[in-house]
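Student: These came from TrEMBL, pasted as-is:
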type	residues	note
DOMAIN	1-223	domain 'RING-type'
DOMAIN	2-49	domain 'RING-type'
REGION	138-167	region 'Disordered'
TRANSMEM	233-266	transmembrane segment
TRANSMEM	304-330	transmembrane segment
Amino acid sequence: ECPLCLLPQPPEAFPRLASCSHRSCWGCLEQYLCLAVRESRVPVSCPHCPAALLPADVHRLLPEPALRDKYEEFLLRRLLVADPGTRWCPAPDCSPPQARFLVTLSCAGLGVPREGCGTEFCYHCRQPWHPDGPCAPAPSLASPTAQPEESAHGEALPQGESSRDGAEDIKVCPRCSAFIMKINDGSCNRMNCTVCGCLFCWLCLREISDVHFLSPSGCTFWGKRPWSRTRRILWQLGMVLGAPMVISLAAGVAVPVITIGIPIYMGRKVLAGGPGSRRSSLSGCQQCLSVTSSVLLSLFVSPIITALTVGLGVPLVLTYVYGTVVLSLCR
């Protein structure tokens, strides 16, 4: 049975994939690949896991030659746009698409005519060729350094906020400069560029790590704009000054809760066995002995768990507050 269409199929209808061991019928894989290529979701992952399908399997399963050409074109674009040394020809009618990329060049200040196009542009700023002057900064849409937008009443709006609540906002990927649109509704600010695969923060347009939204930088996981400088400094000062009291309070609550809560939980867990469990076949004395032994064992283990939790958690929190937060304040 195919796990996608849930129809019984003969064994020969399930092609083998070199990237993983998952099996789906030929028709479902064809439809899945056609949809993925038309939506430019390249490389294409397996419909059951994150493993990327190999180009040989994609070519074997795609039914139309035009879709195979599109797949190769998207692969080439992703490869070239992820290379910081390539450049995109700014002429809108330059074709074919793969010819619009310029190979890496190291000459300072170079006007490059694209073969078959004739457009001359600067390799460094990607603006029209300017042999007699320095590179001028190119204007970018919704860049974090751009001037705030003005509303109809002449008041500057907060940085990164559109004049229409919920309107679409357009920014550029910090790695490949591809235009990305997001509805300004305060949803998740963790963005993934579909062109180069860059993971970046929508608020500050910087490539992020897993702890980016935990750092006191003002960027929030949800929200339409980062915190203001005043709010960020007040929050950091509050963390630095209030950390000892909060940590002491948390440790004072956690120690008795863990020490007493684990034995109670284990006793209730053993006592609440169902009718089909092994405990239901025990006598009353055996059940009492089982509950007592589990509680006594928990009483022995719970102080160890408490010591490890407090002994590791408190130093980590103190290191973060008086290390990362203090350094952020000093900047």
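Glycine is treated like the rest: Cβ placed from N, Cα and C.
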Student: Mind checking which residues of the chain, 6+ beyond the ends of the transmembrane segment (233-266), have their Cβ under 8 Å from one of its Cβ atoms?
Tutor: 216, 227, 294-295, 297-299, 301-303, 305-306, 309-310, 314, 317-318, 321-322, 325-326, 328-329
Student: Check the domain 'RING-type' (2-49) for me and report the mean pLDDT.
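Tutor: For the domain 'RING-type' (2-49), the model's average pLDDT rounds to 89.
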Student: Which residue counts does DSSP give the domain 'RING-type' (2-49) for helix, strand and coil?
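Tutor: Residue counts for the domain 'RING-type' (2-49) by secondary structure: 16 helix, 1 strand, 31 coil.
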